[in-house]
Each structure stands twice: as structure tokens, then as C-alpha cells.
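What Swiss-Prot annotates here:
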- Arg5, Lys6, Ser92, Met93, Arg94, Gln159: substrate binding site (BINDING)
- Ser61, Ser62, Met63, Thr64, Ser92, Asn120, Lys189, Ser214, Thr219, Gly269, Leu270, Arg271, Ala290, Arg291: FMN binding site (BINDING)
- Glu160: Mg(2+) binding site (BINDING)
Amino acid sequence: MIGKRKEEHIRIAENEDVSSFHNFWDDISLMHEADPEVNYDEIDTSVDFLGKKLKFPMIISSMTGGAEIAKNINRNLAVAAERFGIGMGVGSMRAAIVDRSIEDTYSVINESHVPLKIANIGAPQLVRQDKDAVSNRDIAYIYDLIKADFLAVHFNFLQEMVQPEGDRNSKGVIDRIKDLSGSFNIIAKETGSGFSRRTAERLIDAGVKAIEVSGVSGTTFAAVEYYRARKENNLEKMRIGETFWNWGIPSPASVYYCSDLAPVIGSGGLRNGLDLAKAIAMGATAGGFARSLLKDADTDPEMLMKNIELIQREFRVALFLTGNKNVYELKFTKKVIVDPLRSWLEAK
């Protein structure tokens, strides 16, 4: 059941329009410097993310696992992560807890030397739903399965509200994270709706080490689940998916809200190296890419490598044209921000 759902998610993300109405990264412009006074060849793109050295401030965000087609996708993504010295997460690992026979769709990434690996479990699975919550032993199993450096706890309650089989209880999630944070390095990850400052503060107080914002600008899982509901002719869930298609906090605003609290992965709608530079300029430590890499990871590994290479090149060009010789300096680059994003920033 879970594997079938994950395969449906992959196919919908590859073949349907599941983007939010507006990409808020387009509301940001970085100040151009006609004379950068920088040697392009000396630009340093490396960053330290909570003690892990990345050659480039990019993380392949959690996407998939638990379905047979996911094994090849994760293998290709891991090869790319090793080659470019970037981080990588896998999709929700609940499927491996339920069915150990598909654990290789996740552990395949151990064939490559990925400098930063992120395991993944859903916040809804941390508390009792119609089934028992996952145990600490279950969490240790998935963490060890990929030799993880961090555990992403993904918050997908909008998706759960649209999903025909969705979970409805969030009471107790913070307490469970407090319990787990003593044993695991936790990253709180949204899945398309972003984090408010209020929620981020509660998560940091509970022991979360970093936040991946994944806000409005990119894939919306309300849309993904809308297409699943349409296939099943579930009119109620289709209606909810349409109504909440664009629900949430813009990705750049969520970065701005959270970046003085903890290291932030700016994700949700990043398309290229310039978007990545904007994420860093808004306060992120690194940027997360997902859907823009998915199809190539599935069907064309060579194009996947080329795509990441171009993202890297675009990012270096953005550093050069803003007069910055390293990633840290980019955080202080002057920005011009217009509405509708500007209004969201004022809501902090």
C-alpha cells in the first residue's frame, strides 16, 4: 500500500503541474556590482553545515524510497551527491519500518560516499493515529540503515488533510521530538507550506538542530494529492486539494523568519543557482533541490549530473556578479524585494 502510494507520488510529480501559483524567489533581486573586484577562479563555494563540510551549499532534498523505482532514483542521486560534495536526504522511511524487504530502496545510497545523509520520518508517525506511533527502536533502525548524520522529521499535515488515507492527529509531536532529540540530530522539514517563526521557536526549544523550510513556491502536496483523489473520483478530497493548493508561507519568507534561530535549508521552488544565491542572501545556510532533479534522476543520470553542474556554475556567477568571494559574504548582499513577498516579510 505505502509502496504503491510512493510510486504514484513520483509519477504525478514528474508528469503533472503540481507547482504553487507563484514562485516567490522571483520577488527578490540581488544588487549587481559592475566591478566585482573578485577573481572568479578563487571563489570558495564550500560551507560547514552543523559540522559537515560541503563543497557547495546544496542539499538534494528528501524525495523518495519504499518503491522499486525509487531504488534507481536514490542510487543516481547519491552518485551525484558524492561527485559534487553535497548533502542528500531520502524520502519517508516508514515503508522500511513496515516492510524490511524494501530497505534497499533507501540503503542503496550507501554505495556512494555522500558527505551528509539525512534519514526521514513523518511527524504524524511520531504520535498515535489509528496505529501505534513508531518506536525509538524503529527510528534507530532507519537512522542506521543509511548511516545517517541527521533525521528529518517531515511536517506534511496539509498533505494528510487532502490524502484519502491521511492522518489527523498532531497532538504530542513536540513532546516526542524532545524525547528523540537527545539521541538523534533532528532537522524539522516542511513539505511545501513553510514554517512560521512561532512553530520554529517551539521546535528549536524541543531540541531541533536545523530547519528545512520547504515553503510555498515549489511543489505543493495538496496538488499531488488532488491528482490522486481525482484518479479515485474522491470529490471531497479533490475539493480540499483545490482549495488549499496554494496554502502556506512563501519559501523566502520562511527562511527570513527562521534563520536567526538555527541553520536553515532554504527549499521550496529553487530552480537554479541564482535562486540558491537568493536563498543564501535571505539567511539560509544551504539550499534544497527536489522536483527539479527528480525526472533526470529517474530517467537520465547524465543529465542529472549536467543539471547540478549548471546549478553550481550559476551560483558561482551570482557570487561573482554581487562581488562576493565566498558563501558567507553573500549573506550581506543588498537585495531588492517586491510584493507579494515584501508583505510576507513584514509579518515576521
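Note that Cβ sites are derived from N, Cα and C of the backbone, with glycine treated the same way.
Note that the structure is predicted; figures quoted are calculated from it, not measured.
The structure, with features from Swiss-Prot marked on it.
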{"residue": "Arg5", "record": "substrate binding site", "contacts (Cβ under 8 Å, 6+ apart)": "Glu165, Arg228"}
{"residue": "Ser61", "record": "FMN binding site", "contacts (Cβ under 8 Å, 6+ apart)": "Gly89, Lys189, Glu212, Ser214, Ile265, Ser267, Gly288, Phe289, Ala290"}
{"residue": "Met93", "record": "substrate binding site", "contacts (Cβ under 8 Å, 6+ apart)": "Gly65, Gly66, Tyr106, Ala119, Asn120, Ile121, Ile142, Leu145"}
{"residue": "Gln159", "record": "substrate binding site", "contacts (Cβ under 8 Å, 6+ apart)": "Gly166, Thr191, Gly192, Phe221, Ala222, Val224, Glu225"}
{"residue": "Glu160", "record": "Mg(2+) binding site", "contacts (Cβ under 8 Å, 6+ apart)": "Pro124, Gly166, Asp167, Arg168"}
{"residue": "Thr219", "record": "FMN binding site", "contacts (Cβ under 8 Å, 6+ apart)": "Ala13, Val18, Ser19, Ser20, Gly192, Gly268, Ala290, Arg291"}
{"residue": "Leu270", "record": "FMN binding site", "contacts (Cβ under 8 Å, 6+ apart)": "Trp25, Gly218, Ser251, Leu276, Ala279, Gly287, Gly288, Phe289, Ser292"}
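A distance of 13 Å separates the Cα atom of Arg94 (substrate binding site) from that of Met63 (FMN binding site). The Cβ neighbour count for Ser92 (substrate binding site), using a 10 Å radius over every protein chain in view, is 27. Sequence-distant neighbours of Met63 (FMN binding site) (same chain, six or more apart, CB under 8 Å from its CB) are Ile73, Leu77, Gly89, Val90, Gly91, Ala290, Arg291, Leu293, Leu294, listed in sequence order. Look at the binding-site residues Arg94, Lys189, Ala290 and count other Cβ atoms within 10 Å of each Cβ; Arg94 has the fewest.
The full span of the recorded FMN binding residues, Ser61, Ser62, Met63, Thr64, Ser92, Asn120, Lys189, Ser214, Thr219, Gly269, Leu270, Arg271, Ala290, Arg291, taken as their largest Cα to Cα distance, is 23 Å. The secondary structure of Ser61 (FMN binding site), as reduced to three states from DSSP, is coil rather than helix or strand.
Secondary structure from DSSP puts the residue listed as 'Mg(2+) binding site' in a helix.
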